[in-house]
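See structure below.
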């Protein structure tokens, strides 16, 4: 992050026992916590190599950087961290601090005098230019500039720091002893620990420059990659307000406040913080110092651009367009091609409903490549791929385009866009009905994130791409009847993305939705309203309320046709056709099915096309032409068995058996018996599929059909077994009086 404004450090004051030495231009100061860290460093240098094992020393070295850069923490927390790395050294540090705090002021004076010896000799213990060396030199210089009264206040603060740490250690020990056997007390301890951790962040008052920069960059990274590990919105805002109280012109704190307000969908506060961020950049002269007079205009145009993006995020498209026009005007006056390219990308986002939006997008991609903007070029390519997927382009052309986008990602190490690209491929394969390929892409994305976490030693990526991949995984497992595995994935999703997180809406829209990615966010090709109405119509249809279901489906069909939501239009047409044949009007259903088949073929929605052919075959069976229905089934059944859901596989095999039985009516006796035996085998397969998803109603229909066939073949024992099973299921399940032949 950019350097923090100097006014934060030219404010000599005493707050919570913290002595500010910044009147002398030093951007750091001595605190009791930093004295404890200095004691730790001193003890590490005094301890011989044989006294501390190699693994313990490695753990201590890994602990040092967050201790040096992070905010001040309580003494008990520091003891705990050191003890986890090296128990022996933790005891030495505790004794040393106790002697200093319970001794006299001259003990602290002598300690700082001895620190300079670390740099002496031909082979010093610490190099002056190392991270530890720079920290020691800053602390020695800051301490040497303190007046006597400031030194006395610092020593008093050290004593208070030590006493608070001792009290906390005793309280923790007592709490642990008294709560071992009682669950309620254990819960109270956990709540106490949480409150203490939140207090530790601000226990030292204002932060130094390095601490503030580290805190802001760490929280910004967590908000982007793993929101669950960041501070809660209320706690983070409290810390930011504390920073801004000592320096209202701290621009980066305003920007993090903007990101924090976005988490809770606070339009007013996020807009307020964003405007303050750019105001501070202009007022402090941070941009003008580095870019001359051009820096002032640069802040203005990027402020307008970010404001447009903010309004677009909240659905304020008219305000977003006005802000975008302002950004374009200022960028044109300054001849800023990079800003203009960002504006062009947002113009496409705002106008993507127009029929000629693809021309704007193609122009944006060409210009982004020309000006060397791989991030914008990649997002433009992925937007083009999404648009052409909805337009019905072949999958091989789309994958070739995504391959070119992936080359840009790997060449420029754009790991975030790699994740989005894989999520895009998962969505495309699901759109085209290839569940096996979609499953492969989703697992690839999850594996890549987990490998990155192991190698880099950081938290696992909790971005929106990760959430979408897990949603696909849950849906795919549910379609294959693995409901326990799908429930585990959903449970994991809710843990990683709690209700207050910014990606929780992805989980809410999980059921029955295909996800498509674009421009760092994901657009859903089934709108909330359409999805809810469609589900309500399906429920009414299952309850035999045909007229109410038909009215809802007709309204939904008109709505989806206006939105050009082809996938939903086909689903509604299939449901309307089912209403017609269940109402004994199969001839009226045929035009609906032919329209659905034409749309699915035009837009290359293979799985929906197969499902439509399945419905057409059923309509032909009802109309009394089972031979043609059987030939149609041979065309459609392969994609269903390869990539279909378990329930659809069972329905397809059940329909094949029905067509075989209907076709066998005109056969001679030996051939008829052979056809009925084949139908029984297909019914067994259908029953196995239905059993995997625990669909007892369809199992009841299958065993009824099997009992009839066994009776025709003269197999009494098998017939009685199926009849008994049918009787059990029929008593258990309600019957709506729908004829078996009218139920697909």
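The backbone N, Cα and C atoms fix where each Cβ goes, and this holds for glycine too.
Not measured: the values here are computed from a predicted model.
Annotation comment: TrEMBL describes 30-168 as domain 'Anaphase-promoting complex subunit 5 N-terminal'. Feature annotation from TrEMBL assigns domain 'Anaphase-promoting complex subunit 5' to 254-353, 458-490.
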### Message
Give the mean pLDDT for the domain 'Anaphase-promoting complex subunit 5' (458-490) on the 0 to 100 scale.
### Response
84
### Task
Just give the helix, strand and coil counts over the domain 'Anaphase-promoting complex subunit 5' (458-490), going by DSSP.
24 helix, 0 strand, 9 coil
### Summary
Across the domain 'Anaphase-promoting complex subunit 5 N-terminal' (30-168), DSSP yields 108 helix, 0 strand, 31 coil
### Query
Would you list the DSSP helix, strand and coil counts for the residues of the domain 'Anaphase-promoting complex subunit 5' (254-353)?
86 helix, 0 strand, 14 coil
